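In TrEMBL this protein carries:
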ACT_SITE  A:SER161  active site, nucleophile
ACT_SITE  A:ASP327  active site
ACT_SITE  A:HIS360  active site
BINDING   A:ARG231, A:ASP361  substrate binding site
DOMAIN    A:56-365  domain 'AB hydrolase-1'
Amino acid sequence: MVALRMKRTNNEADEPSSPVLRFGADKPLKLDAGTLLSPFQIAYKTYGTLNDARSNAILVCHALTGDQHVASTNPVTGKPGWWEVLIGPGKIIDTSRFFVICSNVIGGCLGSTGPATTNPATGKPYGLDLPIITIRDMVRAQLMLVDHFGIEKLFSVLGGSMGGMQVLQWASSFPERVFSALPIATGARHSSQNIAFHEVGRQAVMADPDWHGGKYFEQGKRPEKGLAVARMAAHITYLSEAALHRKFGRNLQDREALTFGFDADFQIESYLRHQGMTFVDRFDANSYLYMTRAMDYFDLAADHGGRLADAFAGTKTRFCLVSFTSDWLFPTEESRSVVHALNAAGASVSFVEIETDRGHDAFLLDEPELFAAINGFIASAARARGLSA
Amino acid sequence: MCQTKGTIMSVNHAQRVDLEVVADLIPPQSRVLDVGSGDGLLLELLQATKQVDGRGMELSQRGVNECVARGLSVIQGDADKDLKFYPDKGFDFVVLSQTLQATRNPKLVLDELLRIGKHAIVSFPNFGHWRVRLSLFLEGRMPVTKDLPYSWYDTPNIHFCTIRDFVNLCEELGATVEKATALDANGQKIGLSMPWWFWNFFGQQAVFLLKR
């Protein structure tokens, strides 16, 4: 079973079940680390039809452990796409109207070049031989995909969390290619506390003896325990104290009394263990290291002499930012500082803070106020872009 | 007058006759910032009738969320704190309608409006209106009227002024009054030829177009 699972993950990394765009030696990806990645590949999914004017394309950017399967069944988990509540025929992001593109980020593990991908130079998985990937690298790769479709200007770029970072990077690096931008539950930088949590996760992975310095595939192993612990710790940061208490309280798990041992006495323990265990079935440990590092390195203001407004100077992109009251990973203040920078840059910006106790993960859930805001923003942007309803 | 305008105005016509006066001051295709945009009434009116590039700032998050859901470009913000983030002369018009009296520092806010906008439009309830004077003079009580419905202890309006007070503040800030309109209790414009004291007595609301 373990061997089977390993093989499958490996296969999705090299030969994903979604379309793949391969770039040869003539088209390397320039990395912030100072090297070129070549050859490399991008795995992606599209939904809907690109119109003749190529003006109805929406790029969706996925979060830390997301993938390209945004609006269709995930081939690894068999579960619905991660944003199917929002995207699909007749949904808020209506795929019978818009052409939706979602690609696995560079450094990911579901078909775009990442640490689990076979390094053509060695015939073995890259592991830690892959250079560090940044949010900007991810966006540069996405640009090559967008160019492949001949899309001059994306109607919209949207995403939450790490996806939101990509949205901000898109709007900053390629403003003329982005008509509207929807960064949700995100910030222009990763805070010290966020880096701290990521470091805990990485250390958990690297402390697992099965990690083998990142060369676990060659040993026929995977650092499942370490990755599960990393996921458990991270998962807490995606929720809120209020939501945890509402859902689990101090309820006991399938027992009448405390056992005076270290079993999962409490429901919350059992829940977290389950989250950790299911995560390792679908995600590569090294990829987790690379993804978390990419978020840690993100600091849009630092790239512009410390002045965030300069990251958006002269922008004509229409922005809508969304935050959630109980999100302590990317608190409202992080969004607000982006809003202030956009105001200073004279940008067109809307900003909605949504009251919910569901924490950071609220952006992935059925939140009527979130949907109303996205709907209103997309509808008015579509009118401004001259897209018929 | 187009259909949309009629529909919107009819909703709240009694309280917000000043919006129509404000809208008349703004030429088509202007860049407009509405500070204290509330439920987005003015922005919608301006977009429908003047095709402006309109933005809003509103204190109440509920108001903001409703505006964004209706496709308006609005952010949550505090006129007292958040105007400083906007660049000089970034807008053709900055509008502050029925909000000045609710700010903590009206002088600073007005100064910011004049900095951000090539023109500023300010509308406010006139505390010099005869009904207000009468309430204080005869009853010795803080006035509670149809247009100023709050009691003194729960009012958001902490800095009332009269038309004369406002004109003084404009002078202090070096602002030029380009146009001024006073509306009587029925929402009718008071004749231009009337002297300031007359406006200050019979004007229930005032709308000023300023620049600096």
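Any Cβ shown, glycine's included, is placed from N, Cα and C.
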Notebook entry, point to check: When the number of other CB atoms within 10 A of each residue's CB is tallied over all shown chains, which of the recorded positions A:ASP327, A:ASP361 has the maximum?
Noted result: A:ASP327
Next item on the list: Cα within 10 Å of A:ASP327 (active site) is the criterion; apply it to the recorded positions A:ARG231, A:HIS360, A:ASP361 and give the hits in sequence order.
Entry: A:HIS360, A:ASP361
Next item on the list: Any same-chain residues 6+ apart from A:ARG231 (substrate binding site) with CB under 8 Å of its CB? Would you list them in sequence order, or say none?
Entry: A:GLY201, A:GLN275, A:GLY276, A:PHE279, A:VAL280, A:PHE283
Check: Between the active-site residues A:SER161, A:HIS360, whose Cβ has more other Cβ atoms within 10 Å than any of the rest?
Finding: A:SER161
Check: Between A:SER161 (active site, nucleophile) and A:HIS360 (active site), how far is it from one CA atom to the other, in Å?
Finding: 8
Next item on the list: Find the average pLDDT over the domain 'AB hydrolase-1' (A:56-365) in the predicted model and report it.
Entry: 97
